[in-house]
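**Q** Take a look at what TrEMBL says about it:
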DOMAIN    91-263  domain 'Phosphatase 2A Regulatory Subunit A helical'
REPEAT    14-52  repeat 'HEAT'
REPEAT    91-129  repeat 'HEAT'
REPEAT    168-206  repeat 'HEAT'
REPEAT    207-245  repeat 'HEAT'
REPEAT    246-284  repeat 'HEAT'
REPEAT    285-322  repeat 'HEAT'
REPEAT    328-366  repeat 'HEAT'
REPEAT    367-405  repeat 'HEAT'
REPEAT    406-444  repeat 'HEAT'
REPEAT    523-561  repeat 'HEAT'
């Protein structure tokens, strides 16, 4: 008798512990207990998990949001722990409760879990358990349950009977017409998803009217979400149906009184273009795009400007050039001198991509003047976006034309009086080097890179040093030995101690990528020659440099050349020099 009582107590123990922990005042303890639910379920077994654990969880949903969030997530993966798909409907009650709470992230996670376990329902269980849940949520008193319902229609609809499908469409229509804006917003955000699973006949008769109504809603937050649905609708319909049923609403959205709606149209414009096809693009979207590029709101112009290249690329090849030259380019010319830097920057990031589409003659005649104008723009981001896309133009017009037109402007920026402008150009120099090739770089830009090493601003010298490393990586050690190392060596003899320090900084980074042979034969003697410099800062930087390049120097030279110099520096009168010398001796295994 006593043994059976003990066994019963043992079997109740996991639930008892969970109850205690879920009632604990410490939120972290409650959260941890929820995260251990799967372990507790395994201990209980599938039957007791269904009959005891799930009802207990359903009755105790009144906790902190983070605990509820963890619970909503856990329940989505619980199917194997309650006996498999046959019993998956047991998870619906707690998730239904979680889908009605006030905190949005908890509701969203509960809906995610419901969507996941919906797939595991049989058709009969869908009709018997899941659909009633969707209907209850859809007519719930609180707007929270109705917003959650919107996300569940599309996952269960395809496997339902004809009559149930009709009921669900009716419920969704009611949600689209709900008095609460939050519910209409949720319906608008899920309308496109629902449209993909609804039969085409009902798409035209039932969902298009819902879409039109939402697109004319008094709340702009609802109208802008209807633009998302527009993409799905257009992609599902034949061209004539799209023109008749969707385009009037889209034209209206592109001219909406709220800039947020127009912004959404601009932001999704390429998706819309692909969905409606080339014919409607030519007749309807080209004028709409022009309008968005000239919009009074800078955010809308910036969103549209960023889509210029993709929009032009997707145009029908038969009309591509004429549409760009006659309709798009005049707008682009205005945007180049726009008063808002975000607009100009967005355009600068894509305008170079028009070159391959328009060809050499149009690029030279129409685009190059715009590129030059943007290269001289006061906003650094505009200039950098142009520089970072030079390869598009180079491929079309060739290096000769490019050097005559754009390189003088780049050189001018590289010598700009504002150090931040110079810094920005330095960071793009490796990119330019790769785009323009080694010969052109040596001829036009190599001298600039060495000039930056003796700039009066430390940030420029530091950036120029890192720039050298990237260039050596790109062009190779042979290029470095001919073009870089002689200039670095010459700096070691400069009268300005800051330039001698920069010389050491260059060796620190270049030594890693030059290879052992070059580092030992060319760089190491330069470093050792500075070991007796009369400026302590230079001497302790020698010690630091020997510490850094030690692994890249031939072993024999480490012992014969480096060790004696470090030993001498280790006896230096300056404390910092001694410290770094001893560190270098240890790191290079010379002690």
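The backbone N, Cα and C atoms fix where each Cβ goes, glycine too.
Quick caveat, the model's predicted, so the values are computed rather than measured.
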**Q** Under 8 Å between C-beta atoms and at least six residues away from its ends: which parts of the chain pack against the repeat 'HEAT' (168-206)?
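**A** Residues packing against the repeat 'HEAT' (168-206) from afar: 131, 134-135, 138-139, 143, 146-151, 153-154, 156-158, 160, 213-214, 217, 219, 221-222, 225-226, 228-233, 236-237, 241, 245.
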**Q** Just to confirm my parser: what is the rounded mean pLDDT across the domain 'Phosphatase 2A Regulatory Subunit A helical' (91-263)?
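**A** A mean pLDDT of 89 is what the model gives the domain 'Phosphatase 2A Regulatory Subunit A helical' (91-263).
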**Q** So which residues does the repeat 'HEAT' (328-366) touch in its own chain, when a touch means Cβ under 8 Å and the partner is 6 or more beyond its ends?
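**A** Residues 286, 289-290, 293-294, 298-299, 301-303, 305-313, 320-321, 373-374, 377, 379, 381-383, 385-386, 389-390, 392-393, 395-397, 401.
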**Q** Below 8 angstroms Cβ to Cβ, which residues of this chain, lying six or more residues outside the repeat 'HEAT' (207-245), approach it?
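**A** Answer is 169, 172-173, 176-177, 181, 184-185, 187-189, 191-196, 198, 200, 252-253, 256, 258, 260-261, 263-265, 268, 271-272, 274-277, 279-280, 284.
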**Q** Using a Cβ cut-off under 8 Å, which residues of the same chain at least 6 positions beyond either end of the repeat 'HEAT' (406-444) come close to it?
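**A** Non-local partners: 368, 371-372, 375-376, 380, 383-384, 387-388, 390-391, 393-394, 399, 452, 455, 457, 459-460, 463-464, 467, 470-471, 474-475, 479, 483.
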**Q** Could you give me the DSSP helix, strand and coil counts for the repeat 'HEAT' (328-366)?
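**A** Across the repeat 'HEAT' (328-366), the residues distribute as 33 helix, 0 strand, 6 coil.
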